[in-house]
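Features of the protein shown, as given by TrEMBL:
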TRANSMEM  12-33  transmembrane segment
TRANSMEM  45-68  transmembrane segment
TRANSMEM  89-113  transmembrane segment
TRANSMEM  119-138  transmembrane segment
TRANSMEM  150-166  transmembrane segment
TRANSMEM  172-192  transmembrane segment
TRANSMEM  212-231  transmembrane segment
TRANSMEM  291-309  transmembrane segment
TRANSMEM  329-348  transmembrane segment
TRANSMEM  360-379  transmembrane segment
TRANSMEM  417-439  transmembrane segment
TRANSMEM  445-466  transmembrane segment
């Protein structure tokens with residue numbers, strides 16, 4: 001193929017810019033939306049979005065992960081890549097059609113959905129748009145610069161529309177439409193652009209059977225993951241009120257942003273590691289594995305601890321006084337940032353690249369069962385805090401399970417990770433920030449800015465003094481392309 005494959009560093013920078021935009025845009029929009037829609041309005045939109053996520057997951061099967069792996073292995077042969085992509089697209093189109101019909105039936109027969117058809121129809125657009133985007137192909141070809149550009153453009157459009165159109169609590173449907181546009185609107189341009197990378201001309205007899213086995217295993221994996229990432233919101237909405245869902249959503253939103261940031265490097269590795277595994281290039285495979293896991297710790301320890309110690313000010317600034325009640329919920333859910341980041345590397349980027357997705361499935365089943373049982377126990381008495389605690393425990397159990405199941409691959413690398421260095425440095429930075437904040441009685445924004453400057457200043461200076469290799473890399477980053 002004549003499409004350039006960029007260096008891992010370049011892809012990381014592009015994906016970091018993308019995840020930074022996922023951090024910045026909610027900071028711009030959420031303070032406004034939370035005050036206009038209030039917790040109840042936010043709860044309605046997020047309940048609908050969480051429910052639709054289940055249908056999106058059903059329609060996607062295991063294709064978002066399998067498509068990346070399968071296409072990355074054959075990306076050097078345009079004809080074989082085209083055939084593989086066509087087969088996966090057809091499978092996805094059939095599953096999406098079946099799920100869309102099922103969703104519409106539910107929409108008109110389930111009372112809670114039928115009572116607000118407009119909202120659920122808007123969110124339901126995710127089902128079809130998720131299929132036509134074929135994001136897995138662009139990731140397999142490591143087109144992260146294109147992915148980043150189009151995502152930011154559509155986010156900008158959605159932000160402008162949100163500020164222009166959302167002015168009162170009854171505008172929650174309009175807000176839902178802007179979030180759909182921001183997340184999957186660009187998938188239309190993806191579909192139009194596909195011809196640049198693959199041919200739609202049929203080349204030989206289709207072989208769907210070769211894909212179905214791994215797709216269904218990965219589907220079971222993604223379904224189980226979806227259970228313990230969305231089940232808390234759905235169960236909270238069913239067992240408590242929309243206000244509880246809104247409070248929980250505000251707390252989880254910060255965690256979601258942090259996970260996106262710390263996963264920036266890991267997210268770009270699956271196509272590269274699948275390609276190395278297919279070519280039996282073990283040296284590069286394990287080099288990338290060690291780099292990725294240490295990079296997760298380098299970023300996740302400071303981000304996790306900073307947003308735990310500054311949870312109250314963060315909730316006050318981002319969401320307003322109404323959401324301060326979710327401070328403890330935010331602190332507990334943020335404890336899951338480290339295990340989520342590491343399981344992304346061990347499970348998705350490593351074991352899946354080695355065709356060991358069954359082991360990943362077993363680990364996430366452990367997490368899903370744990371989350372479901374703990375939600376049943378904790379939500380009635382502790383509401384959104386109980387849901388956060390259940391999810392946090394589930395994430396740690398998934399991490400432990402993957403570490404045990406993948407010990408032959410990641411065991412040696414894991415023993416040489418810099419847990420103590422990054423953990424103790426972040427703890428020292430936390431103490432310095434807390435001491436400084438003890439003497440400052442300013443508004444939430446000023447406290448956040450000053451504490452962030454102190455915290456990350458101390459963290460960076462200590463790592464520089466320790467001559468940390470990743471800090472050296474971070475300070476000497478140069479964007480370059482691999483020809």
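Cβ coordinates are placed from backbone N, Cα and C, and glycine is handled just like the others.
Note that the coordinates shown come from a computational prediction; the quantities given were computed from them, not determined experimentally.
Of the ranges 12-33, 45-68, 119-138, 291-309, 329-348, the one with the most Cβ pairs under 8 Å to the transmembrane segment (89-113) is 45-68. Note on the transmembrane segment (291-309): residues 254, 258, 261-266, 269, 330-331, 334-335, 337-338, 341-342, 344-346, 349, 410, 413-414, 417-419, 422-423, 425-427, 429-430, 433-434, 451-452, 455-456, 459, 468, 470-471 of its chain, located 6 or more positions outside it, place their CB under 8 angstroms from a CB of the stretch. Across 12-33, 119-138, 212-231, 329-348, 445-466, the stretch most heavily in contact with the transmembrane segment (360-379), judged by Cβ pairs under 8 Å, is 212-231. In summary, the transmembrane segment (12-33) lies against the transmembrane segment (150-166): three or more C-beta pairs, each 6 or more positions apart in sequence, are under 8 Å. Among 45-68, 150-166, 172-192, 445-466, 45-68 has the largest number of CB pairs under 8 A with the transmembrane segment (212-231).
When Cβ distances are compared across the two stretches, the transmembrane segment (119-138) makes contact with the transmembrane segment (45-68), since 3 or more pairs at least 6 residues apart fall below 8 angstroms. A Cβ distance under 8 Å defines the sequence-distant neighbours of the transmembrane segment (172-192), meaning residues of its chain 6+ beyond its ends; these are 25, 33, 37, 41-42, 44-45, 48-49, 118-119, 122-123, 125-126, 129-130, 132-135, 138, 150-151, 153-155, 157-159, 161-162, 165-166. Panel annotation: around the transmembrane segment (45-68), residues 37, 85, 88, 91-92, 95-96, 98-100, 102-103, 113, 116, 119-120, 123-124, 126-127, 130-131, 134-137, 139-140, 172, 175-176, 179, 211, 214-223, 226, 230, 233-234, 237, 242, 245-246, 249, 270-271, 274, 348, 352, 357 of the same chain, lying at least six beyond its termini, place a Cβ under 8 Å from a Cβ of the stretch. Residues 65, 247-248, 250-252, 254-255, 258-259, 262-263, 266-267, 269-270, 289, 292-293, 296-297, 299-301, 303-304, 307-308, 311, 314-315, 360, 363-364, 384-385, 387-389, 391-392, 395-396, 398-399, 402-403, 406, 410 of the same chain, all 6+ positions outside the transmembrane segment (329-348), place their C-beta atoms under 8 angstroms from a C-beta of that stretch.
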